[in-house]
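Report on the structure given below.
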Amino acid sequence: MTKRERIVKSVLAHVPKDAINQFVSRGSTPFSVLIMAAIVGTLAGFVGTYFELAVHFVSETRTEWLRSEIGSVLPLWLAAVLISALLAFIGYFLVHRFAPEAAGSGIPEIEGAMDNIRPVRWWRVLPVKFFGGMGALGSGMVLGREGPTVQMGGAVGRMVTDIFRVKDDDTRHSLLASGAAGGLAAAFNAPLAGIMFVVEEMRPQFRYSLISIRAVIISAIMANIVFRAINGQDAVITMPQYQSPALQTLWLFLLLGALFGVFGVIFNKLITVAQDSFVAIHKNDRKRYLITGSILGGVFGLLLLYVPQLTGGGIALIPDVTTGNYSISILVLLFIGRVVTTLLCFGSGAPGGIFAPMLALGTLFGYAFGASADVLLPTLDIEPGVFAIAGMGALFAATVRAPITGILLVIEMTNNYYLILPLIITCLGAVIVAQLLGGQPIYSQLLHRTLKNDKLRQQDLPENQAS
């Protein structure tokens, strides 16, 4: 043995065999927490980005099949119904069979986990949410990928703490929140919104400390870097770059916010009604649940052919609306139609979120409001597109009750940084009116409903997790 080998052996003899594990698992070490937060953010970025690509692949493949092989064998409408029904069936089956907590957006589950009242079975949630979401969103249903990405990001955070055997409760909590922030940052290419979503919307559950906030920031940054490395650095929504509106028009944004505040409260209540209605239909019976979901998927396959504006998450619809190709009456009809389709899809328990559908609704009503104001007040030089962007943030703020997140989210998604003042006015107006009307934030409402109506599952899951 050489002298160098003896020195190396002597050094290694004093190093614990699981040195890395011990270093990272010491929850009291701030540096180790930040390292794990970077790992969580990176993994959440990959999961969120490839989830988006997977959904896009399924949608494109479905379209190609309709144009070629299947479309030439069966009538086009029948082929569209069958393909979308099959995709929806896959999503509903995976959820009901393997991970019921993966139904819906999943954000209430993460909030419940941060309060230690819901488990995180990441080994089930990650594959079910990923592949189930591919099926449900790929079928053309009005669902967003943002909620699922937040839940999968949180699941990644819990996975990392389990892999490194982290015992410290505060560290586990911080990394769970970090994963949620990373998931949203990757879903919207919006790191600031991802950070603020955890700090603002999850404020009842989030344990504020310097290390936890730093962990959330690092995770969001890493997730966004991964997203941009794969998808590029362009904004998620390509829209015109608007200038700040005239000061004499700002009162219109306050009025728009008030209208969204009223609608946000009504919309949240309608979501609960829709969920309860679907439960009354299928009564948690798997066959009824799958049949209902498949029929719903087939209907949206048909709508994809004839009224595509009423299908999908709505991100692609937003820039189309701001081109000015739709009349005010058509915008109102599309708004009403998408309210109905959003309630049907999200209320059914499909593995999909409601972020993107809400942004589309805000755009439709906001643009219709701006176009109407332009007709009624021609001397004010009103740009309807500015009201469309303000509407995106206002409906989010009214329903989620997170105005700062809504402002940052819209700005980052559209790159319209000059519109921060009208966004602030509209979002704050929406939140104030919603609070005055006594409405609950949507995710708190959904979590409360889950805890109330699903107590048996809540008691069983920790046993399954422990096993």
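The backbone N, Cα and C atoms fix where each Cβ goes, and this holds for glycine too.
For 1-30, 115-121, 165-174, 200-212, 280-285, 437-467, the entry in Swiss-Prot reads topological domain 'Cytoplasmic', with the evidence type sequence analysis. Per Swiss-Prot, transmembrane segment is recorded for 31-67, 75-98, 122-139, 146-164, 213-230, 251-279, 286-307, 328-347, 353-374, 420-436. If you look up Swiss-Prot, you'll see Ser105, Ile354, Phe355, Tyr443 marked as chloride binding site. Feature annotation from Swiss-Prot assigns intramembrane segment to 107-114, 175-187, 191-199, 385-399, 403-414, 415-419; the stated evidence is sequence analysis. Sequence annotations record features per position, and here Swiss-Prot assigns motif 'Selectivity filter part_2' to 144-148 based on sequence analysis. Residues annotated as site 'Mediates proton transfer from the protein to the inner aqueous phase' in Swiss-Prot: Glu201. What Swiss-Prot records for 353-357 is motif 'Selectivity filter part_3'.
With the fewest other Cβ atoms inside 10 Å of its Cβ, the least crowded of the binding-site residues Phe355, Tyr443 in this structure is Tyr443.
Here Glu201 (site 'Mediates proton transfer from the protein to the inner aqueous phase') is positioned 15 angstrom away from Ile354 (chloride binding site), judged by their C-alpha atoms. With a cut-off of 8 Å between CB atoms and residues at least 6 apart in sequence, the same chain places Val400, Arg401, Ala402, Thr405, Pro441, Tyr443 near Glu201 (site 'Mediates proton transfer from the protein to the inner aqueous phase'), listed in sequence order.
Against the transmembrane segment (122-139), stretch 75-98 has more CB pairs under 8 A than any other of 31-67, 75-98, 251-279, 286-307, 353-374. A Cβ distance under 8 Å defines the sequence-distant neighbours of the transmembrane segment (353-374), meaning residues of its chain 6+ beyond its ends; these are 104-107, 142-150, 187-188, 252, 256, 259-260, 263, 271, 313-315, 317-318, 321-322, 326, 328, 331-332, 334-335, 338-339, 342, 345-346, 380, 382-396, 399, 410, 413, 442. Sequence-distant contacts of the intramembrane segment (191-199) (same chain, at least 6 residues past either end, Cβ-Cβ under 8 Å): 150, 177-178, 180-185, 206, 208, 213, 216-217, 220-221, 223-224, 402, 404-405, 408-409, 412. Each of the binding-site residues Ser105, Ile354 was ranked by the number of other C-beta atoms within 10 Å, and first place falls to Ile354. Listed as Cβ neighbours of the transmembrane segment (328-347) (distance under 8 Å, sequence separation of 6 or more from its ends, same chain) are residues 104-105, 141-143, 267, 270-271, 273-275, 277-278, 296, 300, 303, 307, 309-311, 314, 321, 354, 357-358, 360-361, 364-365, 367-368, 371-372, 375. The chloride site is set by Ser105, Ile354, Phe355, Tyr443; from the centre of their CB atoms, other residues of the chain with a CB within 8 Å are Gly104, Ile107, Gly144, Glu146, Gly147, Phe346, Gly353, Met358, Val400, Ile442. Long-range contacts of the intramembrane segment (415-419) within the same chain: residues 235, 239, 241-245, 386, 389-390, each at least 6 residues beyond the stretch ends and with a Cβ under 8 Å from a Cβ of the stretch.
In the three-state DSSP scheme, Tyr443 (chloride binding site) falls into the helix class.
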